[in-house]
Amino acid sequence: MKKLMAANWKMFKTHEEGVATAHELVQLVSGRLPDDREMLVIPPFTLLHGVGQVLAGHKGMLLGGENFYPADQGAFTGEICPDQLLDLGCTFALAGHSERRHILGETDDFVGRKVAFGLEKGLAVILCIGETIEERRQGRVEEVLFRQLDKGLSGVTRAVDPDRMVVAYEPVWAIGTGEVAGPEEIIQAHGVVRSRLVNLLGETGNNIRILYGGSVKPDNCASILALDNVDGVLVGGASLKAESFSRIVLA
Ligand SMILES: O=C[C@H](O)COP(=O)(O)O
């Protein structure tokens, strides 16, 4: 299983800044990426074309979208569809990032529709899940992860290509806070996710990558990657600078 090292640039960077960062990343990572690793850059939509052109043709360097709407096309002002992402060279897209769930009110059911639709259209989909600090304090981590997985994967069958289905565990309290989850918390949550994936999808569930996200930095990445059932990382803040993201990618 190849480790997936993903950068989520969220709503940062002008076109010029994004293209410059992509050039730097290619310089720092090209030729040094091990065969068992992939680097995925997920920039804002305005940068997909520019960043895609820079990454194109570089082995193991992939492009993804931060979001999409589950329809072929239509009157959905402000939205983007899978075909438009594919058209710009995206192979991956996020679904259900906690910022979309908590700031924009996306429900588990809506996220499930997106996952199924994105897969049907040919994207690889990264389903993001994770509990809030209140849910953790109430001892509800497992319940929340089960619910988000069950609904998020409700349209996914055992026949899914495991290379095109990824789950990212991102505890909401660790996102952008500098407070990374501890090894025990990560091992426990990823174990819960793995066993639910196997319950839902049989043997396929063992081959689906589970990423950790939440305050991943160059100096904690290698130890997180070494934990059981951690098959990559989804990085926000520390992915914005090529120098720091390249150290994460090569950690
Ligand atoms: O998608 C990435 C996550 O939201 C993590 O963000 P962060 O690395 O800034 O904590």
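Even glycines carry a Cβ here, placed using N, Cα and C.
What TrEMBL says about a protein is an automatic prediction, not a curated fact.
What TrEMBL says about this protein:
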- Asn8, Trp9, Lys10, Gly176, Ser215, Gly236, Gly237: substrate binding site (BINDING)
- His97: active site, electrophile (ACT_SITE)
- Glu170: active site, proton acceptor (ACT_SITE)
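Less than 8 angstroms from the CB of His97 (active site, electrophile) sit Asn8, Glu66, Asn67, Cys128, Glu170, each of them six or more residues away in the same chain.
A helical conformation is recorded for Gly237 (substrate binding site) in the three-state DSSP classification. Counting other Cβ atoms within 10 Å of each Cβ, the binding-site residues Asn8, Ser215 show the lowest value at Ser215. The C-beta environment of Lys10 (substrate binding site), restricted to residues of the same chain at least 6 apart in sequence and closer than 8 Å, consists of Pro44, Glu66, Glu99, Gly236.
Neighbour count (other Cβ atoms within 10 Å of the Cβ, all protein chains): 12 for Gly176 (substrate binding site). Annotation for Gly237 (substrate binding site): same-chain Cβ neighbours under 8 Å, separated by at least 6 residues, are Gly176, Ser215.
Taking Cβ-Cβ distances under 8 Å and a sequence gap of 6 or more within the same chain, the neighbours of Trp9 (substrate binding site) are Gly18, Val41, Ile42, Pro43, Pro44, Leu47, Glu66, Ser239, Leu240. For the substrate site, whose binding residues are given in the record as Asn8, Trp9, Lys10, Gly176, Ser215, Gly236, Gly237, the maximum C-alpha distance rounds to 14 Å.
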